[in-house]
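Listed in TrEMBL:
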type: BINDING; residues: A:K71, A:V72, A:K73, A:T183, A:N290, A:F291, A:R292, A:K310; note: ATP binding site
type: DISULFID; residues: A:C120-A:C162; note: disulfide bond
type: DISULFID; residues: A:C123-A:C146; note: disulfide bond
type: DISULFID; residues: A:C129-A:C156; note: disulfide bond
type: DISULFID; residues: A:C214-A:C224; note: disulfide bond
type: DISULFID; residues: A:C258-A:C267; note: disulfide bond
type: TRANSMEM; residues: A:34-53; note: transmembrane segment
type: TRANSMEM; residues: A:312-333; note: transmembrane segment
Amino acid sequence: SAMGCKNCCSICLQCLFGYETNVMLVINNKGVGALFRLIQFLIIAYVAVYVCWIQRAYQDTDSVISSVSTKVKGNILTNTSIEGVHVWDVPEYVIPPQGEKSFLVLTNVIQTPGQTQSKCPECESDSDCIEGHTEVHGNGVQTGHCVQYSDTIKTCEVQAWCPLENDTIIPKPALLGAAEHFTVLIKNNIQYPKFSFRKRNLLHHINSTYLKNCTFDRKTDPHCPIFRLGHMVTEAGEDFSIMALKGGIIGIFIDWNCDLDFPERFCIPKYSFSRLDNKNPENNIAPGYNFRFAKYYKNNKSIETRTLIKAFGIRFDVIVFGMVTAICDWVMLTCMKDRDQYAKRKFIHLNQNGDSVPLVSKS
Amino acid sequence: SAMGCKNCCSICLQCLFGYETNVMLVINNKGVGALFRLIQFLIIAYVAVYVCWIQRAYQDTDSVISSVSTKVKGNILTNTSIEGVHVWDVPEYVIPPQGEKSFLVLTNVIQTPGQTQSKCPECESDSDCIEGHTEVHGNGVQTGHCVQYSDTIKTCEVQAWCPLENDTIIPKPALLGAAEHFTVLIKNNIQYPKFSFRKRNLLHHINSTYLKNCTFDRKTDPHCPIFRLGHMVTEAGEDFSIMALKGGIIGIFIDWNCDLDFPERFCIPKYSFSRLDNKNPENNIAPGYNFRFAKYYKNNKSIETRTLIKAFGIRFDVIVFGMVTAICDWVMLTCMKDRDQYAKRKFIHLNQNGDSVPLVSKS
Amino acid sequence: SAMGCKNCCSICLQCLFGYETNVMLVINNKGVGALFRLIQFLIIAYVAVYVCWIQRAYQDTDSVISSVSTKVKGNILTNTSIEGVHVWDVPEYVIPPQGEKSFLVLTNVIQTPGQTQSKCPECESDSDCIEGHTEVHGNGVQTGHCVQYSDTIKTCEVQAWCPLENDTIIPKPALLGAAEHFTVLIKNNIQYPKFSFRKRNLLHHINSTYLKNCTFDRKTDPHCPIFRLGHMVTEAGEDFSIMALKGGIIGIFIDWNCDLDFPERFCIPKYSFSRLDNKNPENNIAPGYNFRFAKYYKNNKSIETRTLIKAFGIRFDVIVFGMVTAICDWVMLTCMKDRDQYAKRKFIHLNQNGDSVPLVSKS
């Protein structure tokens, strides 16, 4: 009814425009009042000085600091018309050789031996020859001469490392496709400096004999730090033999996310693998992963020659990430800053290596 | 008046030392009381268990994880008294050649060909010759002999790679100053693991044809991943021809700061460039960027000789940074952990590449 | 007494099940009510829009962005049966040579000169010879032939770079143990992009003359960026001569944790050093740090030969970390986004280098 509605509206308005305030009881007693203000002051001082300033309790997380070294093992025998029978070992196919956290394993190569600084026709181009002109995508600097390249085609002569590389035909199957069976040992050392927490991916409970013979497998050997290259590529959802043709980038993710409210032994690395470059031709440019490098020689007449190598390879990027959190600390508004205090609380102690070892294992 | 002041003071004191408390109404009814406590318990349980423990709602940010590959293009023709006419291509002037996120482009070189292990006078020093002594800033190990260096100067003889390098005169203009016109393709793949968010700097809406011919320009081509070296140095506020003389470090910053409350297509990389080393001579040491490396040969008599190269160059460091935030999530105290759930909310789906594609583009 | 206990229980129950609520005073006056709601709305708007949205005040921290370059100095004279007298200079013993943030200094080497692609007996194995078989830990690919290795032992012939390396005996003391006396200059440039804060480890108040001659010492020269390798290893708690034998990894930590509520001059880097790899044989595999690389030559008959080098070395990883916090900003719920505003507040100004300089130093 209209009456009810009018009533309802009036109640709503009262609700909206009614000013509500608590009924306060004020006791005008100086003793009680002073005590009340003192308690207020102490609480504010505690929060401002102790919790915020000294403990910095709101900083309850820390990001990982990491160091990685890698070591690849394996040999491949190839038989090509240019090189004959050739055995490739680690110093030849791992670039750079020193075991960084990002390492490239050659899977396919186009070699152009015996290059010297001279003049030769650039076979792919028949544009006008402008002296000194450098095509960004060309192979050298044009000399201004137009020379007979074949019976029918005249092309620009270039000053370059000649003979020019012919990279139109990529070896198929990939020359070093057997790299699939190589293994890589990954050593990873991490730190959470705010919590003075250090750990390695070679875990305490694993002995050296096991480490020498194991290979990583998600089910049977989840803590083994030795990985078959082919296995990682397969887990990333790729076919090694196809990827080997033109190269690519595989990410080896090591996830150190931990909750430090739990004992330290629960903080173990989780490995995962995925392809990082875009293999599809759309929205893409220069698919795969390749680069050129050269080995330099001097021939009998002391003229510098080089073997140019267009190298296709799979780059493995070891990417370590993680953040520790300590919810209890967050809730309690406290955060252990002192390593010893922290260690005592977690029932662990530090050995000479700086590793934290559960106290239980000592008894 | 004194009376008013006294009054005022007394009011202030009352204010300061008055103990205020709310007037509370207590209903001693077991039914109502139990319901009240149950509701209190449920709220605390919800906050403690669901919001803090399961959703970890206070973690509303995540740092970027990144992978970078680079590819430089260009050729330079030089004509020097030592080498004659020489064409420099990518395998010669990009170090290391394999396209890491930090790459160095040579801009100036001092070559010392034909060095062998032997004895020669160290021309810059005339101190006493102590056998076996190594000056930290010298070129070799002193043999203890003092030899006639020129008509007037006697210097210490050193065991070293001889002849010694003479790096007092730096080529001016820079030998490879034309590197200004080179281009570099930068491919960058990022992840925010907490939000299962992946993206590349080769954006969805850009096709391959465009990518092959574009060059980055803040106004006309802000999403093109191909950069002219000279353009980057100019944007960093430097003169390429001056910087090329002694080298330096340029930072290529890729900023992936995003607000994931907005649709994924708004999350695009922002490029910026700045010089990272200190070019001013005050408060500085060894300005510029140079290092020495060598190419090793064996001559006809199988004696090892080398060409020592003091390389001045511009190192480009691709520095990827960013943090995603999700304010809505922060306000609502919820945070999507599941990628599919997240995708649904953002009206996007994942294609085979792992890229997130707006659902709209499918219709 | 039982009476008292019963009383006590009853009070407790009353406490537990008593429903407490404030006594509210409601003033039904439209003017007062409207003002009350307006003030409420303004407060909510301020918090939601200004504090959270524009200022993002809850983001009170930022992680460091860093760029590093390094330069090692020193020479070593060695005298071995293979090479004779040889002086090692920086291009030979620092790998990679270009001064990255992770650099390796060779400390011990096993050289195998004159290797060519050919067939030779693999002396360490006497298993059955399977043609084409590659042992993961072997040196080449088996040819299927079993050859007389010595009077008593027959072994498999391998296709490999022959002669094979014999790395059973490691030179002791380490060939390049004198690397202890080398120095390294570390230049580090950092940024906190959210606070537009930039700084270098070459501090303002230090002049160039000092920088050229100083060496880092925690007590006397804590801001000198030139470090003696031996000093760093000692601070990490290791013996250089023992570590040099088999190599290892040393972390050079640069801690840029700062409180930006203090003036900028208080934000100075703190250096620390620690060993990152596990030297103990238990729970370990392949202790130390080594890798193989090769120098390639062509002999008179244009056959490729190489000198294989098994390099033991100490890798130094410069690890820069840090987080700035601004507690005042956190407490006040404000955060300076604008660099100029920030600079004004901190009484600093920016010079052309982008360094922030205290305004005081100008007066």
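Backbone N, Cα and C atoms are what each Cβ position is placed from, and that goes for glycine too.
Location within the structure of each feature annotated in TrEMBL.
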{"residue": "A:K71", "record": "ATP binding site", "contacts (Cβ under 8 Å, 6+ apart)": "A:G99, A:V184, A:L185"}
{"residue": "A:V72", "record": "ATP binding site", "contacts (Cβ under 8 Å, 6+ apart)": "A:V90, A:V94, A:F103, A:V105, A:F182, A:T183, A:V184"}
{"residue": "A:K73", "record": "ATP binding site", "contacts (Cβ under 8 Å, 6+ apart)": "A:V90, A:F182, A:T183, A:V184, A:L185"}
{"residue": "A:C120", "record": "disulfide bond", "contacts (Cβ under 8 Å, 6+ apart)": "A:E157, A:V158, A:A160, A:C162, A:P163, A:L164"}
{"residue": "A:C214", "record": "disulfide bond", "contacts (Cβ under 8 Å, 6+ apart)": "A:D221, A:C224, A:I226"}
{"residue": "A:C267", "record": "disulfide bond", "contacts (Cβ under 8 Å, 6+ apart)": "A:F197, A:K199, A:W256, A:C258, A:L260, A:V324"}
{"residue": "A:K310", "record": "ATP binding site", "contacts (Cβ under 8 Å, 6+ apart)": "A:V109, A:I110, A:Q111, A:T112, A:E165, A:D167, A:N290, A:F291, A:R292"}
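Under 8 angstroms separates the C-beta of A:K71, A:K73, A:T183 from a C-beta of chain C, among the recorded positions A:K71, A:K73, A:C120, A:T183, A:F291. Considering only the binding-site residues A:T183, A:N290, the Cβ with the fewest other Cβ atoms within 10 Å is that of A:T183. For the binding site of ATP, formed by A:K71, A:V72, A:K73, A:T183, A:N290, A:F291, A:R292, A:K310 according to the record, the largest Cα to Cα distance is 25 Å, rounded to a whole number.
Each of the recorded positions A:C156, A:C162, A:C258, A:F291, A:R292 was checked for a CB under 8 angstroms from a CB of chain B; the ones meeting this are A:F291, A:R292.
Taking all protein chains in view, 19 other C-beta atoms sit within 10 angstroms of the C-beta of A:R292 (ATP binding site). Each of the disulfide-bonded residues A:C156, A:C224 was assessed for Cβ neighbours inside 10 Å, and the highest tally belongs to A:C156. Every protein chain considered, the tally of other Cβ atoms within 10 Å of the Cβ of A:C162 (disulfide bond) stands at 21.
A 10 Å cutoff on Cβ-Cβ distances gives A:F291 (ATP binding site) a total of 25 other Cβ atoms nearby, all chains included.
According to DSSP, A:C267 (disulfide bond) sits in a coil region rather than a helix or strand.
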